[in-house]
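J.: According to TrEMBL, the protein has these features:
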| type | residues | note |
| --- | --- | --- |
| TRANSMEM | 12-31 | transmembrane segment |
| TRANSMEM | 75-93 | transmembrane segment |
| TRANSMEM | 100-133 | transmembrane segment |
| TRANSMEM | 251-270 | transmembrane segment |
| TRANSMEM | 290-310 | transmembrane segment |
| TRANSMEM | 429-448 | transmembrane segment |
| TRANSMEM | 460-480 | transmembrane segment |
| REGION | 491-518 | region 'Disordered' |
Amino acid sequence: MRLKAALPKLELYLYAAVLYLSLLWAGTWIWDASADNVNRKVFKKSVKPGWHYFGRKMDVADFEWVMWFTTFRNHILFALAGHVIFAKVCSLISPRHRSLIYGLYGGLAVLVSMGGGFLALVLSHCFILYSVALVKRKWIVFVAGLASLATFKMEPFNTWQEGFVTGYFDLQDILFYGGSCFTIMRCMSFALENCEKKDGNYTFTDLLKYNFYLPFFYFGPIQTFDQYHVQANNPNLTRKQREMWNITTGALLHLGAILVVDMFFHYLYILTIPNDMKLVKHLSDWSLAGLAYSNLVYDWVKAAVMFGVINTVARLDHLDPPQPPKCITMLYVFAETHFDRGINDWLCKYVYDYIGGSHTNIFKELVATICTFVVTTLWLGPCELVYIWSFFNCFGLNLELWVDKIFSIPPFSNIEYAIGEAMSRRIRAVFGALNFWTIILYNILALNSLEFAKLVGKRLIVQGFPLSTLSVLFVTYCGVQLVKERERKQAFLDDPEPAAVPPTPQDMPEEIGKKKAE
């Protein structure tokens with residue numbers, strides 16, 4: 001791809017104007033639908049009284065967001081603040097043993113929050129996968145690890161293991177499945193890294209210190225063992241210049257994002273409206289397009305904020321955790337689509353890159369993507385909706401790779417070279433716009449429902465053709481061009497072109513060099 005191809009500024013200004021006005025237009029439709037239907041029966045279940053000075057009710061359809069920033073906010077803040085204080089004090093006293101201290105505090109927090117039965121269950125899975133790691137055979141690690149993960153996703157094994165947790169509280173299911181499944185993935189990372197270790201083995205204590213790091217334990221993200229082991233055992237705790245400033249700024253940005261999202265939930269009921277199919281069928285095509293897009297944007301914001309809060313704590317512990325996911329607005333290729341960079345890095349390192357190798361062989365690439373989505377399906381929990389989501393995303397990724405390879409060989413590559421860089425960028429943006437909407441349609445399957453995804457696709461592709469279809473694609477094309485412009489500027493920052501140096505007489509042909517010298 002010709003990242004550094006430029007377009008006229010006036011053209012880019014036009015794209016920006018079209019995009020922002022269209023988003024504003026779609027937003028007014030959703031605003032009106034939210035205000036006019038607030039008393040519907042479906043809305044009463046998930047639209048509750050919000051901030052009293054807004055004078056409006058608030059969309060609380062997302063349990064995860066409400067749990068983090070309303071219902072259990074104080075509990076989560078208390079646990080993380082306790083970790084920060086305890087870790088800081090102990091790091092000052094004994095920086096060489098801080099990873100052990102992190103693990104002990106995390107294990108104690110798990111014991112207090114979930115009980116001894118759950119702690120024993122987690123330790124048993126850790127011990128089983130540690131024993132498998134000693135064999136140093138990757139295929140055995142995958143078989144054992146995925147089998148352990150399946151016991152938390154399939155009946156009757158998950159119900160039996162739930163019995164180890166005594167009592168009941170509202171957050172129990174989230175903590176149980178989060179702590180258990182993330183434990184399996186971390187144990188597999190440990191075991192696979194142990195297979196790569198040529199001299200001896202890592203210890204069981206290394207696994208426990210890695211697994212019971214509290215900020216990552218229940219909610220992720222997953223940091224692979226090789227990275228965590230090096231960072232957590234580094235006794236040098238000096239910070240880079242302006243590092244604390246960046247951590248503080250990031251924390252304030254996350255706080256601002258939480259407030260902005262809560263404020264938007266008082267005016268745009270983007271999570272509740274898709275649950276009312278009778279209402280959705282009467283909305284305009286622009287409203288449906290805006291709803292589908294805004295749901296994906298919200299899911300990205302939620303992931304970025306939740307992982308951002310945890311990553312802030314990890315950075316205070318001198319770790320370099322996985323970065324937040326790439327904004328959905330910036331995505332127009334399947335290869336970069338993910339909402340959890342930790343899981344994405346794990347899958348790429350141990351499955352996709354391991355099987356795909358250099359990613360030049362089409363057959364290997366197909367096998368790598370299929371295996372990656374098989375593991376992803378098991379991670380998400382096997383069900384009809386996840387099967388459909390995995391199939392379409394796997395198909396989209398492979399189709400994207402095949403098309404890219406086809407257009408990189410003659411005569412297509414010659415045609416692209418002949419039409420010029422600017423026109424090539426425009427044509428690629430057209431394909432990017434089509435790709436962007438396939439990504440949205442495939443992913444609202446998992447975020448909303450199959451019925452909502454089918455309705456959006458039918459209205460935008462079939463019933464709305466040609467006016468709604470082409471207008472939405474043109475607006476998306478404008479957005480892709482703005483993203484490409486941002487990528488172009490970043491490419492110049494990452495790889496600046498060398499300044500032109502005038503040739504010296506020694507570099508010139510002999511006759512010209514003599515004339516210049518004279």
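Just so you know, glycine gets a Cβ as well, placed from its N, Cα and C.
Curation does not apply to TrEMBL; its annotations are automatic.
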J.: Have the transmembrane segment (251-270) and the transmembrane segment (429-448) got at least three CB pairs under 8 Å, pairs 6 or more apart in sequence?
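T.: Stretch pair does not touch.
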J.: Between the transmembrane segment (460-480) and the transmembrane segment (75-93), are there three or more C-beta pairs closer than 8 Å, counting only pairs 6 or more apart along the chain?
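T.: When sequence-distant Cβ pairs are counted, the transmembrane segment (75-93) does not touch the transmembrane segment (460-480), since fewer than 3 lie under 8 Å.
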J.: Please figure out which one of 12-31, 100-133, 290-310 racks up the most CB pairs under 8 Å against the transmembrane segment (75-93).
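T.: Against the transmembrane segment (75-93), the leading stretch is 100-133.
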J.: Would you kindly list the residues that approach the transmembrane segment (100-133) from elsewhere in its chain, counting only those six or more residues past its ends and only Cβ-Cβ distances under 8 Å?
T.: 79, 82-83, 86-87, 90-91, 94, 140-141, 144-145, 148, 161, 164-167, 172, 175-176, 179-180, 183-184, 187-188, 190-191, 194-195, 201-202, 204-205, 207-214, 217, 232, 317
